[in-house]
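A.B. asks: Handing you a structure now.
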């Protein structure tokens, strides 16, 4: 069983990436389980075609002793099993707690033994790698971590923070960084910036997602690109990324950048932004 986490700054395209990778793997005959660990609970929306009840919602309504696997696991496109951890009510509690509760409940209900997935994907918010959101790293629930980023300074800053978390917990177990997934949906499209960042922390850019209005159109209809436009170039891009991740053996403990090194990257981005304005 392959298990990996996808981290990244909020709004960076994690859920789009995860849902399309899951759809591509399912299309290839893999049995896939996706666990959405973002309080927005929208990771699996395009797989199922709607938002599903979250583990925390069901937990609050039924209580742990009355919960069943079918209350929290829903089947989506290609037979992908979908779970959403959910989050607390606004202004109350810790969002990361949903991750802990979801994973505990999946284990308690024997989800992994009953579903027997070939691949488990955790989609995790990465703006702040707090205790809850870092749980998959702490508990070694996954083998590999992939980080989605654009070339925006704050996205790279968040990616660097995630690398600090990976390095902290890698010494205690098997968790490692599998690579960076570059998303081209930014003010400027500068893959060389992200390639340079990846090289400096000691990893690879395992996939590049170009800007595509097909992604937006698919999401309007609550579908993955794999389902909505299976013959499109962007669908093939997601298939290539899914294959690269599934077959990847290039796992490293990253070397996070210093503040000075991050500033150097930010200065390069600033130059590119000024050039784009002149152009």
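Indices start at 1 and increase along the chain as displayed.
Backbone N, Cα and C atoms are what each Cβ position is placed from, and that goes for glycine too.
Reproduced below are the annotations present in Swiss-Prot:
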- 8, 9, 10, 11, 12, 13, 14, 15: ATP binding site (BINDING)
- 94, 130: [4Fe-4S] cluster binding site (BINDING)
- 97: ADP-ribosylarginine (MOD_RES)
A.B. asks: Quick check for the class: what is the C-alpha distance, in angstrom and rounded, between residue 10 (ATP binding site) and residue 97 (ADP-ribosylarginine)?
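C.D. replies: Approximately 17 Å lies between the Cα of residue 10 (ATP binding site) and that of residue 97 (ADP-ribosylarginine).
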A.B. asks: Could you say which of the recorded positions 9, 14, 97 has its Cβ with the most other Cβ atoms inside 10 Å?
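C.D. replies: Going through 9, 14, 97 one by one, the largest Cβ count within 10 Å is at 14.
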A.B. asks: Inside 10 Å of the Cβ of residue 12 (ATP binding site), count up the other Cβ atoms and send me the figure.
C.D. replies: 26
A.B. asks: Within 10 Å of each Cβ, count the other Cβ atoms and name the one among the binding-site residues 8, 10, 11, 13 with the highest count.
C.D. replies: 8
A.B. asks: Quick check for the class: what is the C-alpha distance, in angstrom and rounded, between residue 9 (ATP binding site) and residue 97 (ADP-ribosylarginine)?
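C.D. replies: Answer for this pair: 18 Å between alpha carbons.
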